[in-house]
Amino acid sequence: SLVKSDQICIGYHANNSTEQVDTIMEKNVTVTHAQDILEKTHNGKLCDLDGVKPLILRDCSVAGWLLGNPMCDEFINVPEWSYIVEKASPANDLCYPGDFNDYEELKHLLSRINHFEKIQIIPKSSWSNHEASSGVSSACPYLGKSSFFRNVVWLIKKNSAYPTIKRSYNNTNQEDLLVLWGIHHPNDAAEQTKLYQNPTTYISVGTSTLNQRLVPKIATRSKVNGQSGRMEFFWTILKPNDAINFESNGNFIAPEYAYKIVKKGDSAIMKSELEYGNCNTKCQTPMGAINSSMPFHNIHPLTIGECPKYVKSNRLVLATGLRNTPQRERRRKKRGLFGAIAGFIEGGWQGMVDGWYGYHHSNEQGSGYAADKESTQKAIDGVTNKVNSIIDKMNTQFEAVGREFNNLERRIENLNKKMEDGFLDVWTYNAELLVLMENERTLDFHDSNVKNLYDKVRLQLRDNAKELGNGCFEFYHKCDNECMESVKNGTYDYPQYSEEARLNREEISGVKLESMGTYQILSIYSTVASSLTLAIMVAGLSLWMCSNGSLQ
């Protein structure tokens, strides 16, 4: 008699996950496990960067801070900073109207500086032949009175005379020195002589690398901050052991303080309206701080610190698990690009919870699920290494800081913006393509592992079992739990069971042959009987026609 068939099936894990990923071939594929690699959240605050506070200029501009706008006194001396924060339109800029020459270049310089030390280079009290305290303006008020920038001195004539100035400062420090000075452009000739006595004046400035001669531009202008005059400010970096020489007979705004560059490093000037949040981060954006190990973010293109790369994507999810198709969903799923299972396993097993791939067996001793730990662990290691590799390759830290251009450089600014947008488009495309390709490969990798497990069993059992076409094998012999375990661990003894399997195969084949013979006899009998009946009917019809004279 036939044995009651024992079976072993190969299958894969399924769960209640609703995580979905995209691949080259499909969109919204539900998977058992996935990992988001796009950071989309921030804390909405300005934070310390690696424990170092930012310099938040509040309502002051960089120019207002460096020149010493009286409304920026809180920044007279500042400690080391990690980055500088300036509002888009700070109220306290150049209180006396005018320009800051090469301002954008100075800001770029500041993006590589972390600390200034302010030092006095020409004391205000040293101008004995000129008025050093009368140079104030209602445009720069302080406590309701006229005042002026704290770090420079507006020199006015004294006793109806403005003697020619010849001053030098030698940088004996070991550090570079940021030196600032300026020129006043009066509204008319009357103001020129009223302030400086001399109708024709100049300012000469020289270092080992600088040769500058300035003359005032006297012109009638509209009033700004109540002033028709204008001031123009300049700066230079004075190297150690170099000297800066000033010569002027009027309109000179002399330096009193300079900035010793005591620490250089990665910094940035960030445009933001946020407040300080008393927090710490490794990555700061104008929108807020990011604390993430993900390789990509879509928060803001400008960052400072150890930051993910900015992309324009809204979703980047890597598949780490398998297609999630529980067995109750009997629909055939599309397969991937790189091979994979030929569709013979209709669904995953939610009952197998301790591995990605495994077995289900049934015999006289019962039935149950068992994960294949070895193939599962290899797959976990492989997928984990791949995800970590992607993150490591993409998570090369860098700063993406904004560049500023003056009004004469708008065409350059537009070109720069187009180039940066182009780079962002390329990065976004690369990131999205990478995710699509890797997801396709991961799902096919899992499918291939299931197929390999199936082949491992098939090669062991050979003709001792029958392939049922659904991922299962039906044994031609009794297979108890010990036998089942040997199939799972690859030690199945084919010769031990081959004789029993052969006999059962032959018995099954004999039943098929016997059944086939019976069907053939019945078929012949039926054919003969039908033929005899037809012959009798034809003969009877002929006799009837003859008796009626109808047959000629």
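The chain as shown is numbered from 1 upward.
Even glycines carry a Cβ here, placed using N, Cα and C.
Within its own chain, C47 (disulfide bond) has P54, Y276, G277, C279, N280, T281, Q284, A289 as residues 6 or more apart in sequence whose C-beta sits under 8 angstroms from its own. The feature disulfide bond is assigned by Swiss-Prot to C47-C279 (among others).
Within the same chain, residues at least six positions away from C72 (disulfide bond) with a Cβ under 8 Å of its Cβ are L57, C60, G64, W65, N92. The DSSP secondary structure for C72 (disulfide bond) is helix. Look at Swiss-Prot and you will find C60-C72 (among others) tagged as disulfide bond.
Feature annotation from Swiss-Prot assigns disulfide bond to C95-C140 (among others). Taking all protein chains in view, 26 other C-beta atoms sit within 10 angstroms of the C-beta of C95 (disulfide bond).
For C283-C307 (among others), the entry in Swiss-Prot reads disulfide bond, with the evidence type sequence analysis. DSSP gives C283 (disulfide bond) a strand state. Sequence-distant contacts (6 or more apart, same chain, Cβ under 8 Å) of C283 (disulfide bond) comprise A289, I290, N291, S292, T303, I304, G305, E306, C307, P308.
Counting only same-chain residues six or more apart in sequence, the Cβ atoms lying under 8 angstroms from the Cβ of C479 (disulfide bond) belong to D6, I8, H361, N363, V487, Y497. The disulfide bond annotation in Swiss-Prot covers C479-C483 (among others) and is backed by sequence analysis.
Cβ neighbours of N15 (N-linked glycosylation site) (same chain, under 8 Å, six or more residues apart in sequence): T32, N324, P326, Q350, V353. As annotated by Swiss-Prot, N-linked glycosylation site applies to N15 (among others), with the evidence given as sequence analysis.
Residues or ranges marked as N-linked glycosylation site by Swiss-Prot on the basis of sequence analysis: N16 (among others). Note: N16 (N-linked glycosylation site) has non-local neighbours Q350, i.e. same-chain residues 6+ apart with C-beta under 8 A of its own C-beta. Classification of N16 (N-linked glycosylation site) by DSSP places it in coil, neither helical nor stranded.
Residues or ranges marked as N-linked glycosylation site by Swiss-Prot: N28 (among others). The Cβ neighbour count for N28 (N-linked glycosylation site), using a 10 Å radius over every protein chain in view, is 8.
Annotation note: N170 (N-linked glycosylation site) sits in a strand segment as assigned by DSSP. The annotation N-linked glycosylation site is assigned in Swiss-Prot to N170 (among others).
N291 (N-linked glycosylation site) has a Cβ environment of 14 other Cβ atoms inside 10 Å. Residues or ranges marked as N-linked glycosylation site in Swiss-Prot (evidence: sequence analysis): N291 (among others).
N489 (N-linked glycosylation site): 10 other CB atoms within 10 A of its CB, across all protein chains. According to Swiss-Prot, the feature N-linked glycosylation site maps to N489 (among others).
Residues or ranges marked as S-palmitoyl cysteine in Swiss-Prot (evidence: sequence analysis): C546.
The topological domain 'Extracellular' annotation in Swiss-Prot covers 1-520.
The topological domain 'Cytoplasmic' feature in Swiss-Prot is assigned to 542-552.
What Swiss-Prot records for 521-541 is transmembrane segment, and it gives sequence analysis as the kind of evidence.
Reduced to three states, the DSSP call for C307 (disulfide bond) is coil. Just so you know, the Cβ of N170 (N-linked glycosylation site) picks up 13 other Cβ atoms within 10 Å once every protein chain is counted.
Using Cα positions, the member of the recorded positions N28, N170, C483, N489 nearest to C95 (disulfide bond) is identified as N170. Here the CA atom of N170 (N-linked glycosylation site) lies 69 Å from the CA atom of N28 (N-linked glycosylation site). Spacing of N489 (N-linked glycosylation site) relative to C140 (disulfide bond) is 86 Å (Cα to Cα, whole number). DSSP assigns N489 (N-linked glycosylation site) to a helical segment in the three-state reduction.
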